[in-house]
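What follows is a short report on a single structure.
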Amino acid sequence: MDIFSIANQHIRFAVKLATAIVLALFVGFHFQLETPRWAVLTAAIVAAGPAFAAGGEPYSGAIRYRGFLRIIGTFIGCIAGLVIIIAMIRAPLLMILVCCIWAGFCTWISSLVRIENSYAWGLAGYTALIIVITIQPEPLLTPQFAVERCSEIVIGIVCAIMADLLFSPRSIKQEVDRELESLLVAQYQLMQLCIKHGDGEVVDKAWGDLVRRTTALQGMRSNLNMESSRWARANRRLKAINTLSLTLITQSCETYLIQNTRPELITDTFREFFDTPVETAQDVHKQLKRLRRVIAWTGERETPVTIYSWVAAATRYQLLKRGVISNTKINATEEEILQGEPEVKVESAERHHAMVNFWRTTLSCILGTLFWLWTGWTSGSGAMVMIAVVTSLAMRLPNPRMVAIDFIYGTLAALPLGLLYFLVIIPNTQQSMLLLCISLAVLGFFLGIEVQKRRLGSMGALASTINIIVLDNPMTFHFSQFLDSALGQIVGCVLAFTVILLVRDKSRDRTGRVLLNQFVSAAVSAMTTNVARRKENHLPALYQQLFLLMNKFPGDLPKFRLALTMIIAHQRLRDAPIPVNEDLSAFHRQMRRTADHVISARSDDKRRRYFGQLLEELEIYQEKLCIWQAPPQVTEPVHRLAGMLHKYQHALTDS
């Protein structure tokens, strides 16, 4: 009977959700809002959404941030809705079609921006559609409806935030501190594996896990930043630690790859040193102190460059880690580390995927419009709203089909649950605000527990039930209206699910190829003598792309190794002492243009032609390096890069 069990850790958030719903309900009726349902629905969604995503009680700041995004999305949607209505009030059908395109446009943008901010754009898309559909009988009331909707949503968000603060939300700071310690130990153990040069699959698993953990730590940093302004210093340090952690992974993996061709570079001194096992961050601290003494004794020239760079990055990591844990004032040494290179933002590789999402949302909304006009069903507008909601919110997630199924299950569960409230509970409690609040608190409490378990349909059931029960001012009980609303939700979700199934997303392979070509372009762009360009920090963006590649192609080790090799080539060439002269500078610009053409090529033939041109230019570039007497630190990584591109040219050019 575990399915009905209530764990202790789930109770606090369930009470928090119930409190948010009750507060929104009380305030909505107290201020005589026309539809307090919107305030209650907003409070429930803002509070429960982060809990469903986290699989438990969300950390401090998550609910506030989601509420902030909802306010932004609502205001953008309301303004867009007003503009569309004012411009096209004389052509109602065209007005609705433009709203469908607007919803698709917002979904397209939400597919390209950071996933944390995509919620606001998805909301902006279907908010405009809700306004246009709702004011169809009385278009002159549009400004009043937009203002009322914004007011009700702001009230719901404030109630959710108040409930969150009332029940002392969890701080993520202790989790961050523990992860910093554990991550440093894991970094040292990865370097041990790479120096031993053992089983490649074990090394692949180790660095893959570290990439995921570093990405997760970056997510924790975002949560900590949302939690309170007092963590501003810790946030700055964590941002630099992210780059240092990625540097440690890169240097470790390069140490492994170097031994494939030149194992003699790693001397017995370092092999014996890294044989000592470590279990805690304190062990790593002791080993790093000893390692710095060994390097001082052997000299920088006798130390492999990857080990020297790794030790330098690990030392800086340790220094910043202590600052994060104590949250003390940033000293001069730390400030020097934090004043690092500016991070580079890379263009999204998911443009084709975003266009698929645009068509899914637009076509599903147009299909809903045709269904509404053809049937003349009074709740066709409700079906359209659900179509827009499902497609706008589902498209940005890794598995839109499962999100649509979750909504279908939720709306089906909402029918009997809403029926119970509509026919029995609310008619018998509407005369008493206390009883009405208690009845909705019970609903919020039990669904809050299920939401934290990520039960299929729980989130959809919470929103759909609140949406169909009578929480208007004044309350009117028309069974046909209730049934229409409930069935409209179900039909809308089914239509959205149908469109998601019919409009297939085949962009995965294209996205993977674009990502790999972006790695190639980054490696080529590192060959420059421009001081400002050499100081740019590409590492976070490159590993963000690698993380996306790992999510798109789980278990595809050849792709991961190729991407990692390109990242290593980029880092090595970025620091290489390339001779400074106009001849090489002009050729660097030419190679960058060719690499950009490879990424932007529309057909396989063009892509192969430009890629072949890039390989030829790399051969010429190696000859130029010999003419200008470039040192081995330059010629060797360029030769390795050219060899890798020759070896994998089919994977990088074919669809």
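For all residues, glycine too, the Cβ spot is worked out from N, Cα and C.
Going by the topological domain names that Swiss-Prot assigns, Gln9 and Val531 belong to different sides of the membrane. Counting Cβ pairs under 8 Å to the transmembrane segment (370-390), the stretch among 13-33, 431-451, 482-502 with the most such contacts is 482-502.
The stretch from 121-141, 152-172, 431-451, 459-479, 482-502 that makes the most Cβ contacts under 8 Å with the transmembrane segment (13-33) is 431-451. Two recorded stretches are said to be in contact when at least 3 C-beta pairs lie under 8 angstroms, sequence spacing 6 or more; the transmembrane segment (431-451) and the transmembrane segment (482-502) fall short of this definition.
For the topological domain 'Cytoplasmic' (34-37), DSSP puts the residue distribution at 2 helix, 0 strand, 2 coil. Below 8 angstroms of C-beta separation, residues 386, 389-390, 394, 436, 439, 443, 456-465, 467-470, 475, 477, 479, 482, 486, 489-490, 493-494, 496-497 of the same chain, each at least six residues beyond the ends of the transmembrane segment (407-427), sit close to that stretch.
Long-range neighbours of the transmembrane segment (93-113) within the same chain, counting only residues 6 or more positions beyond its ends whose Cβ lies under 8 Å from a Cβ of the stretch, are 80-81, 84-85, 119-122, 124-126, 128-129, 132-133, 348, 350-351, 353-355, 357-362, 365-366, 369, 373, 388, 391-392, 395-396.
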